[in-house]
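Accompanying notes for the structure given below.
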Amino acid sequence: MAMAAAKGRVLPLLAVAAALAAALLYRAPFSKSLGGEGCSLLPHDHFWIASERVVTLGRVGPAAVEVKGGLINAIAVGDYRSFLLRRPVVDYGDAVIMPGLIDVHAHLDEPGRAEWEGFSTGTRAAAAGGITTLVDMPLNSYPSTVSEETLKLKLDAAKDKLHVDVGFWGGLVPENALNPSALESLLNAGVLGLKSFMCPSGINDFPMTNSTHIEEGLVTLAKYKRPLLIHAERIPDVQNEDGIDGELDPKAYTTYLKSRPPAWEEAAIKDLQRAMKDTEIGGRSEGAHIHIVHLSDAKTSLGLLKDAKQNGARVSVETCPHYLAFSAEEVPDGDTRFKCAPPIRDSTNRDNLWEALLDGHIDMLSSDHSPSAPDLKLMEEGNFLRAWGGISSLQFVLPVTWSHGKKYGISLNQLASWWSERPAMLAGLKKKGAVLPGYRADIVVWKPEAQFHLDDSHPVYHKHRNISAYLGKQLSGKILSTFVGGNLVFAEDKHAKAACGAPILAK
């Protein structure tokens, strides 16, 4: 009888001990020896990760995700504690597990201008920000990526430097726009689509295109069913009275704002009316797709794009976190870190951008990470008219979007759509952009409630931390882990030592 009583007491104690061990395993997923010489901070290529908030199958809830051989092998939705014995298991508690971000608009500046950023620092910053795939723009590197030969130079420059996966856009410029064989050579070499400017780009070997160049380029793109990304600003034929006065202070942000009014975006999109119509079913370039990058004007320009979509044109639109986080009224005079093109507009416009994003009229988000060497930002001089335009942002886009989107009621599912699912569709990235069986295990784990201050002590992995407009800001949403192809490439402010991201080429 005594033995039976003792046994009755021991079994519950063993159960408690097992539960405690499980809790310890789950709440402390990484050992102090986190690290290694290879591609991953974890020593396994087959493991489970779990949390109370997994974004998958259009829902957010408890689930465990099996990662095997770089892919998502299975998902167990519901009470995942039963998977404790399927070792190794990493439980992130109530942190969010969602698809890694896909940033379709980043300038990594290599080859030729690695002093601005470069593949190594840019992709390390991306990994620290939960971005698992970047698509690099064809300009700001030198030479610009406008031919098969210049794409090869970029691929050579990227070798052994990629901490996340990287695809490449090619350039549509006057020298190749009217030459189908030249464009086909570039597309056959593997660029995911093309990019053009309707105004001067600021880069000498990347000249602007006109509507004829765009319309002819779309005919070639239609054969490949790849997109044309367009910087939609054009100097109107007749400037209105709101243009800048030569006597205005170049340090005043209002001076720069007046120098690139919404009329520039409106003029460009009006010029694209015929090109957009050509993408409709039965149109001259049916199968092609126009993507408007970094939309800033949430009024007339957005209205024109909404009309084109409703009429059947294949058009998509992105905006960027800096247009959603900042407003013209908040930009300090002389603080050229905030200069970008198109410019950050007023707070009413910012609210309208959020509304359009929530309503689906803006399809997705991108960083438009566009750094430079610090001296080009003219931060001491503070001249907005002469400083390089571009926001340095790769590491911060997820917390910035979440921090400013909370007051507009954004959801985790919307975040995954804007930053993962829709960008994957634009770039033709199959088996990316979702946490689903058979998809590449590109995953970010983050804590939305965790707040942090981007002060001088916060680790920043961009090449030049001092040029970012986000420094000094209080943000919510700490990145805990980033997995690329099943490799844990970033966790606990550590990067995997080897750069094992892959170049992505269209087939």
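Cβ from N, Cα, C; glycine included.
Summarising the annotation, Swiss-Prot assigns Zn(2+) 1 binding site to His105, His107, Lys195, Asp368. DSSP assigns Lys195 (Zn(2+) 1 binding site) to a strand segment in the three-state reduction. Taking a C-beta cut-off of under 8 Å and a sequence gap of six or more, Lys195 (Zn(2+) 1 binding site) has these contacts in its own chain: Met137, Pro138, Leu139, Trp169, Gly170, Gly171, Leu172, Leu228, Leu229, Ile230, His231, Val293.
Annotation comment: Swiss-Prot describes Lys195, His231, His294 as Zn(2+) 2 binding site, evidence class similarity to another entry.
What Swiss-Prot lists as N6-carboxylysine is Lys195, and the listing cites similarity to another entry.
The Cβ of His105 (Zn(2+) 1 binding site) has Val135, Met137, Leu229, Val293, His294, Glu318, Cys320, Ser366, Ser367, Asp368, His369 as same-chain neighbours under 8 Å, each 6 or more residues away in sequence. The residues near the Zn(2+) 2 site, meaning same-chain residues not in Lys195, His231, His294 whose C-beta sits within 8 angstroms of the mean position of the site's C-beta atoms, are His105, Met137, Ser196, Phe197, Leu229, Ile230, Ala232, Ile292, Val293, Asp368, in sequence order. For the Zn(2+) 1 site, the Cβ centre of His105, His107, Lys195, Asp368 serves as reference, and the other residues of the chain with Cβ at most 8 Å from it are Val104, Ala106, Met137, Trp169, Leu229, Val293, His294, Ser366, His369, Ser370. The Cβ neighbour count for His231 (Zn(2+) 2 binding site), using a 10 Å radius and every protein chain shown, is 23.
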